[in-house]
Structures are given as structure tokens and as C-alpha cells.
Amino acid sequence: MPDSKLSSSIAIVGAGDVGATIAFSLIMNPVAGDILMVDPKEEVRDAQIQDLSDATFHGDTSTQIRAGTHKEAGQCDIIVFTAGAKQKKGESRADLIGRNKSILESAISDMQPFAKHTILLLVANPVDVITYFAQKYSNLPKSQVIGSGTFLDSARLRGVLAAKAEVSASSIDAYVLGEHGESQFVAWSAASIGGVPLEQTLLPNTKLDKAAIAEDTKNKATSIIENKGATNYGIGAVTASICKSILSDQRNIRPVSHYQEDLGVCLSIPAVIGRQGLVRTIEVGLNEEEKTKLKKSVEALKEIINA
Ligand SMILES: NC(=O)C1=CN([C@@H]2O[C@H](COP(=O)(O)OP(=O)(O)OC[C@H]3O[C@@H](n4cnc5c(N)ncnc54)[C@H](O)[C@@H]3O)[C@@H](O)[C@H]2O)C=CC1
Ligand SMILES: CC(=O)C(=O)O
């Protein structure tokens, strides 16, 4: 295992909008010495690399970006998987499963054998189901195969709550849990600002329409995709942040998608992230209504897995 974070390598499989934006985030806030871009569309891949390398020449970043093969990706410290189709207007994330599962299976076969310590970080949608199949196809320990999950949705939620409470987003602890998709839910019972329950920290006369906030959070991707065709900056930042948590063994608590032994699916529950990938799950004390929503997420995910 490398002893210095900048001697680490990250492969980004899929050099489209999301892959390139993750690479850009990793250049702007360097955590790895090498970034490999892997994509069968060689012209697009090489153009992304040329454009991204221009972003490395302005200052003192030691990050190098280059083209790589699937085989080389399998030897990196982290493999970020963004390969596959994205939603068109009117499509859901779940609609992508047929196309993206086949791409995943063939890409994983091309990447094998994996370096023992590699962490496979899934981003392609539907991310929870893709994470589930990545565990099956890769045979890596389940703790080394995680998905970005509802970390992005939770960031979106924090943004809304920060504006309502007029505090910084970093002071808010609030999670969207379950599926990164239609059945996601907000764990309102565990939400707090500065460690104090949410309701006690709002300004006088602030109304919190929880149902509307949860719905807007869930639908944010759809409204962005309708107008610009893709989401890339939010996922770029959260994925780079997960990479940093891993390579620097930061032990941050993040709502990432991981296998739930008792539920038989991958979905998001807060977890400690470190160099080994998933260190442990943090049990959130959900209330009865939230437990029911979690069960609905499990059912929705099993339906996609078994489709
Ligand atoms: N988990 C999350 O929160 C988010 C997930 N996404 C998902 O990320 C995925 C990628 O989105 P975009 O980058 O916008 O799509 P894109 O179409 O711009 O790029 C996808 C790239 O994957 C490449 N690709 C296809 N097969 C490949 C293979 N076997 N190996 C390597 N590369 C391969 C394509 O050539 C293409 O360049 C989609 O599934 C999208 O839904 C997007 C935003 C947020
Ligand atoms: C596309 C997607 O999954 C998102 O932006 O949440």
C-alpha cells in the first residue's frame, strides 16, 4: 500500500461529463499523484485528458493525468466507475439498469485481476444496484466496493436547510437515506444543526415544510437534467471528497451505498470511510415512519435487481 497520498493512483472509468468533472475536482484538490482516464471512445477520452491537463499546468499541482486501460485501472488504489448511459429527459435512474449492468460486467472482466487493496467506487446509475452487481462481479471484499449513494442528495438537502437556518452547510447534520432514487427519504428524526435538534435551531417564524423539502431534494437531478442534459458538478465534488476520505484514511461519516447484510441490498446508511473503504456502518435511530420508508427502499431496489 502506498505510504504517501500523492503517490496514490485513481482510475476513472468512463471519461464523459461525470468522469471528467470528478477528475477536475481531484486536480483542484489533489489527493492522488496519478489519474488514469479509461474510455473506449478514445477521441473523447484524449480530448478530456488534454483539456484536464491544462488545468494541472497553472500552479504547483503534482497530479498527472493520462489515458489508461481497463487492466491498468484494476491496479489503481481507487477505481471510480462512471461508465454507462445517463438519463434522458423522462427517464428514471432505474431505467438505465439493463444498459449499465452489461457495461459494468464487461468492464469488470477487463479490469481483473484487481490489486488486493483497490477500492471500487461506483457512481454510474442506478448506483445502488450497480454497487450490488459490482460486488458480485468483482469478488472484492464487500467493504471495498461502495457507491456514492445518497451523499449527493444529502449535500443538496444540507444546502436547503443551511439557507433556511442561515448557517453554514457544514454545521448541518442531515441525511437522505435509502435508494439514490425514487424511494429515498430524509431521516428527519436524526437531523441536527450544531448538534442541536433541527426544530430548536431554526430562526423564529421559519416554517419547515419537510415534505416539500424532501420532494425538491429528490427531484433536483431531474430538473437539472431537463435543462442541461446531465448533472456533473455536485457528483464531481462529492466523489472527490470520498476519494480523499479513503486515501487519507479520514474516517469521515458519509451516507454511501454499501451492502446491508440484514436487508440483502446495497443502499445508503451513514458509514465511516477510510483506507480500507467501508470501515463500519453507523446505526441511525430511525423512527417507525422512517423504518417503513427504509423497507420501501429495500423493496424498490430488489425489484430493480430482479427485473
Ligand atoms: N450517482 C450519482 O449521484 C450520479 C450518477 N450519474 C451517472 O453517471 C453515469 C455517467 O454519466 P455522464 O458522465 O454524464 O455520461 P456520459 O455519457 O457523458 O459518459 C459516459 C461515458 O462512459 C463511457 N463508457 C461506456 N462504456 C464504457 C466502458 N466499458 N469502459 C469505460 N467507459 C465506458 C462512454 O464512452 C462515455 O464517454 C450515468 O449513469 C449517470 O446517470 C450522474 C450524476 C450523478
Ligand atoms: C443523475 C443523478 O443521479 C443525480 O444528479 O442525482
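The first residue you see is number 1, and the count goes up from there.
Including glycine, each Cβ sits where the backbone N, Cα and C put it.
Residues or ranges marked as domain 'Lactate/malate dehydrogenase N-terminal' in TrEMBL: 10-147. The annotation NAD(+) binding site is assigned in TrEMBL to GLY14, ALA15, GLY16, ASP17, VAL18, GLY19, ASP39, ASN100, VAL123, ALA124, ASN125. Residues annotated as domain 'Lactate/malate dehydrogenase C-terminal' in TrEMBL: 150-306. The annotation active site, proton acceptor is assigned in TrEMBL to HIS180.
On the structure: features taken from TrEMBL.
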{"residue": "GLY14", "record": "NAD(+) binding site", "CB count, 10 Å": "25"}
{"residue": "GLY16", "record": "NAD(+) binding site", "CB count, 10 Å": "21"}
{"residue": "VAL18", "record": "NAD(+) binding site", "CB count, 10 Å": "26"}
{"residue": "ASP39", "record": "NAD(+) binding site", "CB count, 10 Å": "23"}
{"residue": "VAL123", "record": "NAD(+) binding site", "CB count, 10 Å": "28"}
{"residue": "ASN125", "record": "NAD(+) binding site", "CB count, 10 Å": "27"}
{"residue": "HIS180", "record": "active site, proton acceptor", "CB count, 10 Å": "32"}
CB < 6 Å to ligand 2, subset of binding-site residues GLY14, GLY16, ASP39, ASN125, seq order -> ASN125
For HIS180 (active site, proton acceptor), the close binding-site residues (Cα within 10 Å) drawn from GLY16, VAL18, ASN125 turn out to be ASN125
In this predicted model, the domain 'Lactate/malate dehydrogenase N-terminal' (10-147) has a mean pLDDT of 96
DSSP tally for the domain 'Lactate/malate dehydrogenase N-terminal' (10-147), helix/strand/coil in that order, comes to 62 helix, 24 strand, 52 coil
Widest Cα pair spacing in Å over the listed NAD(+) contacts GLY14, ALA15, GLY16, ASP17, VAL18, GLY19, ASP39, ASN100, VAL123, ALA124, ASN125 is 17
